[in-house]
Amino acid sequence: MSQGWVVTLISLGYLIVLFGIAWYGDKKRQWLARWRPWIYSLSIAVYCTSWTFYGTVGQASDDTWSFVPIYLAPILVFVFAWRVLARIILIAKREHITSIADFIAARYGKSQALAVAVTLIALLGILPYIALQLRGIALGVEQIAPQLSQTLVQKWGRVDFMFMLTLLLALFTIVFGSRHIDTTEHHRGLMLAVAFESLLKLVAFLLLAGFAVFWLIQPPVSSTIFSMLSFSWQAPNWPTFAIHTLLAMTAIICLPRQFHTIVVENQQPKDLHLARKVFPLYLLLMGLGVLPIAILGQQLLPTVSADTLVINLPLYLQHNWLAILTFLGGTSAAAGMVIVSTIALAIMLSNDLVLPLLLRRLPIPQRSFKAFSQVLLKIRRLLIGLVLLAAWGVALALESISSLVTIGLLAFAAMAQFAPALIGGIYWRKGNRNGVFCGLAVGITLWLLTLMQQADLLAGSGETNVVLWLLTPPPTLLAAEVSITDWGMFLSLLANLLCYVVVSLLSRASLTERLQAASFVGVPVPEQDSGRLYQTRVTVAELEMLVARFVGRKRTRQAFAQYSQQHQPLVSSQLASANLIRHTERMLAGVFGTSTARLVLSSALEGRNMQLEEVATIVDEASELFDFSRGLLQGAIEHISQGIAVVDKKLYLVAWNQRYLELFHFPAGLIQVGRPIEDVIRHKAQMGLCGPGDPEWHVAKRVEHLKRGTAHTSSRIRPDGQVIEVQGNPMPGGGFVMSFTDITAFRQAEAALQEANENLEARVQQRTQQLEQLNRRLVVATQQAERQAHSKSRFLAAVSHDLMQPLNAAKLFSSSLAEVAQEPESQQLARHIESSLEAAEDLISDLLDISRLEAGKLNTQVHAFALSDVLNTLNAEFSALAQQQGTQFSLINTQAVIYSDPKLLRRALQNFLTNALRYNLGGKVLLGVRRKRDDLLIEVWDNGPGIEASKQAQIFDEFTRFDQDIKGQGLGLGLAIAKGIARVLNHPLELRSWPGKGTVFSLQVSLARLLKK
């Protein structure tokens, strides 16, 4: 297989690898997050283009020192002026900056005209630079595969061959560089591919440099080389050296591709900390490899073009693999620059030229976000293609300039025109738009004249042509061999700076410019925002709907919700405040840029015929917000009760509050910024504040905790009795924050609470023991009472039985006496004796029943019987008695059959009737039955005096009598016996009484047929 086809296949494979890397970067965002700082640092190396890969070797071949400024200048910026870059990044993040044109336009009053001017200058200066890269790739193909190059040129022509290269680069850039309309969203996949290209070109260049060093130290070559160096050694041309260094220092941030990678693609400002170490090291390694390659090329290939030595040397040494690798490195250097520069230019052209023209001639689109985003993406993709086609045309037009270095320096000089406006805009508040316009106009004019002179478009000499006379260096510099091109580039930058300063001092900035200067420079302007845009009467809902068309509904809701949390709740029907309109403008700036974002808002909100409601006051400018936040945070820290100490990731003390000093009484001079925390811990350990033991052991233990970033919480009792609680937590960016709280009062309260708890437990235990003793006594007393009750019952039962025998005998004798007595007096006396004996028998019977009930020895004979048998007997017994007392007695009989003990039931009803007749002389008494669901109620009614509610529960007690005036009343045992019988027979007993109206006693009995069922 021929060398040409091998190169073709490897190039296609490399292109596929780049596509794969970019695709992987877009898909695996979370995985790439850990490598983000390294990817960011390597992507900045897009600075190293085909000029630095091919051209600097050619420079070193002609002039040993001429290539050094290209590498030295960025190193100086990243090492000594990195704070300038950090400030630009912070401002860009806050203002949603999308490009260098956007940055400059936003600083100087969000001027649309200024954004257009910067964009056109960038296009004018970068097109030759992109053309240089296309020439570099074509040059590499011609050297690595001359036969293939000749075949392609014969088949397509040289023009068509470069055109095909342009289309391939356009395809890659369109696919991975225009996927989002919000240019503040980062092209992670594209940046990963650029970082990979940077790594590849570094490896290829260092390998070639290593081979060159190996050849240079070989004996045959080394002696010749060292003699040649000693003979041709000369000091650098210091004026030219200084001019080139100055141009390169400005280019590192003013080149659109560098601004895009350093500022726009920066995701976290802290990533710059790694980049300021990695990128200078990258440039140093690249720079160290230039001289060995150049020297060996001069020795081995003196007739070959110096710009092609990087490829021709490995081919000459017959290391084809190294030649192919260096070809890929040079192609990567050129392609990376073309891709990023084209993206940056497409963003500036779409935001600052195309979209403003469309918005001025067309109404705000009423279509959805999806439709608008498709239109905007098509515009940007078309612009990418047009920019690359224009670069292809410029490459053909500038074929007369053979040196890659010259084209590179001219591009640097064009972009350096932005430096006064950019650097002055963040440090000099008085700089204004008029000064920028004047400086850019003068500077770019002189640059164009220099370009025309370099392209041999100016005829005559310095004596006959005013332009050439102007571009001719002064005699002093002319004597120092400063070229017309170098002097023209320096003169254009100097004139730009002078015009910027002088015109800014002579003219007055507008109100908008002063407000933006306050935001960028950091000097607050306490004036009111009288801009008409911020006074527009537009509702929150209308504003949200407008933004959603360009940004998308999801991001719009998130942004408005964030604003609502940070400022004030938003009501859809409420008029939007000036701050909300400003917030909306910054959101749109992420899509259009700052100047076009204002134009979009103006176009959408104009023509509403509204009155001004009020003038909004600017309260959220950047420096004022920063100072306020910092003061608020410091005040909060100083007024909390805890001591606070903060150390950085290197374990140096960086912050503390007054309470921290009060808690530990540090000696003067110990606590200061930058003090190693180890010294502070050692002092506390020596004072005994870390506990007993070796102080150094305590120091080592605590420092190890801080190094590991281990969160911890502990407390320590100090010798004076004070208790300090320590809490330590690591911070996300490295470092540690510790809080110290005096918890002495809490511990004292805790101890008092513990003591009270222990005392309470003792008292509870004591009371428990007392209760247990009382319970035991109560049990004993209860048992004794039960025994006494049983003894009483047995005694009563025994006495009653013994008494009944003589009484029965006495009754028998009295009956016999009545029968044999003849005299009326004797018969009457016998009857009285018999009546008294019956009364005594009833009394003894009651006592016997009570004792049996209490002893639980009352025998029952429960069976079914007709209730009428009991009722008829009671009716016969009490009708006569009622008639003797003048009481009306009535009976309501029944044929029901019940289940009970007829004898005991009769005894209970007999007691109820006896009480009713005894306490209701001359009244009415009723004995009756009625149904209650499935049972019967046997009731005794009377219309006597009744029983008070407070005494109803007491009448069932033994020996209870309320009315002492009633003659013939018993001992108060009848109702107690009736209650006991009801309980034994399981017949619910109920009493109802109404004082002055009467009383009713009832027993509830069960029907015998229901029980049988």
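Positions of Cβ are set from backbone N, Cα and C atoms, glycine also.
If you check TrEMBL, you get these features:
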COILED    743-791  coiled coil
DOMAIN    798-1009  domain 'Histidine kinase'
TRANSMEM  6-25  transmembrane segment
TRANSMEM  37-57  transmembrane segment
TRANSMEM  69-92  transmembrane segment
TRANSMEM  113-132  transmembrane segment
TRANSMEM  161-178  transmembrane segment
TRANSMEM  190-217  transmembrane segment
TRANSMEM  237-257  transmembrane segment
TRANSMEM  278-301  transmembrane segment
TRANSMEM  321-354  transmembrane segment
TRANSMEM  375-398  transmembrane segment
TRANSMEM  404-428  transmembrane segment
TRANSMEM  435-452  transmembrane segment
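Counted over residue pairs 6 or more apart, the CB atoms of the transmembrane segment (321-354) and the transmembrane segment (37-57) come under 8 Å in at least three pairs, which marks the two as touching.
Here the transmembrane segment (278-301) lies next to the transmembrane segment (69-92) in space: the count of CB pairs under 8 Å, restricted to residues six or more apart, reaches at least 3. Outside the transmembrane segment (190-217), and at least 6 residues removed from its termini, the chain residues within Cβ reach (under 8 Å) are 18, 21-22, 24-25, 32, 38-40, 42-43, 45-46, 48, 53, 176-177, 225, 261, 265, 282, 285-286, 288-290, 292-293, 295-296, 300, 310, 313-314, 317, 319, 322, 325-326, 328-330, 332-333, 335-336, 339-340, 343.
If you take every residue in the coiled coil (743-791) and average the pLDDT, you get 83. For the transmembrane segment (69-92), same-chain residues at least 6 beyond its ends with a Cβ under 8 Å from one of its own Cβ atoms are 47, 51-52, 56, 103, 241, 244-249, 251-253, 262-264, 266, 269, 272, 275-276, 279-280, 283-284, 286-287, 422-423, 426, 519-520, 622.
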